[in-house]
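A single structure is presented below for examination.
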């Protein structure tokens, strides 16, 4: 009888310990996505888009000239790929 009480106590203590470990792990995991997203979307000066002298694909070409390989569409006023009928 004593042996059964001891095994039940150890089982219960093990379950409580497992609950505490899982709770601590889950609380850390809740903070992890927030930290990850803030580091991904953090604005870094090295990765800011540089101003170009020319406009790239589907950029407005009113004031800027299109980069090489693109032409300014008279219809949409955007830089597009040249097509045979646009030449």
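Placed from the backbone N, Cα and C atoms, the Cβ positions cover glycine too.
Got these off Swiss-Prot a minute ago, pasting:
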- 1-24: signal peptide (SIGNAL)
- 54-67: disulfide bond (DISULFID)
- 61-72: disulfide bond (DISULFID)
- 66-79: disulfide bond (DISULFID)
Within a 10 Å radius around the Cβ, which one of these disulfide-bonded residues has the most neighbouring Cβ atoms: 67, 72?
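Highest number of other Cβ atoms within 10 Å: 72.
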Check each residue in the chain of residue 66 (disulfide bond) that is at least six apart in sequence and keep those whose C-beta is under 8 Å from its C-beta; list them in sequence order.
54, 55, 56, 59, 72, 79
What is the Cβ neighbour count of residue 61 (disulfide bond) at a 10 Å cut-off, with all protein chains included?
22
Here are the disulfide-bonded residues: 54, 79. Which has the lowest count of other Cβ atoms within 10 Å?
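Result for the disulfide-bonded residues 54, 79: minimum number of other Cβ atoms within 10 Å at 54.
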Determine, to the nearest whole angstrom, how far the Cα atom of residue 61 (disulfide bond) is from the Cα atom of residue 67 (disulfide bond).
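Per the Cα atoms, residue 61 (disulfide bond) and residue 67 (disulfide bond) stand 10 Å apart.
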